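Colleague: After the structure tokens below, expect a handful of questions from me.
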Amino acid sequence: MSTVVLMSPVTSSVLGGLDERIWTFFVDHPFLTSTARRLTDLGAMRTLIPLAVVTGMLVWWRYRSLVLAVVPWIALQFNSSLVAVVKRTFDIARPPKELWLGGAAGGSFPSGHVANTTCLVVAVAMIVYLNESTVRVRRSSLMLASAGIVVMAWTRLALNVHWFSDVLAGAFVGIGTAGATVFVASLFKSRREIPLRTRDQ
């Protein structure tokens, strides 16, 4: 009952009643919140930027392509800027602060942690998927990316700092940015390789 009272008219969300029900469930059923606090830090830019650099180095080592190597970092930077613009545009209020179990700042929609995490893991997964021939490796990359998205979304909901619509939108934004960046990079890479092949013939 207390959680319902705290849902004031000032607090808004994209999916309305569905957001309220899911948020209330997490408030009333706290689960592994200490774990959620630790894992959610992985979705902060201070963690994701070094990860993007490291994964870029691994991509370079594996595929010997500078174009593909910079994709994780470029995608992450672009996505972070896009999220900031969307947050300011919609200016959706977060759930009641008195029930937060973790830190948060800025607008609620979309979730920056989920969007940026999604962008990075999807970008890397797509690079692997498009450049590996082994079905098991390609499938594993997609499964790991999906797991990363779900876990980050869970942490934001478990800490009561986001609505369900926030994490859902964050996932879509991240997927879109990653997909667009990988697509452009792949086109650029293929166009660079065509002249090289022509000269070699």
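Any Cβ shown, glycine's included, is placed from N, Cα and C.
The transmembrane segment annotation in TrEMBL covers 43-61, 66-90, 110-130, 142-161, 167-188. Under the heading domain 'Phosphatidic acid phosphatase type 2/haloperoxidase', TrEMBL lists 70-182.
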Colleague: Counting only residues 6+ away from its ends, which parts of the chain sit with a Cβ under 8 Å from the transmembrane segment (167-188)?
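Modeller: Same-chain contacts beyond the ends: 14, 67-68, 70-71, 74-75, 78-79, 82-83, 86, 109-120, 122-123, 126-127, 130, 149, 152-153, 156-157.
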Colleague: Give me the mean pLDDT over the domain 'Phosphatidic acid phosphatase type 2/haloperoxidase' (70-182), rounded to a whole number.
Modeller: 95
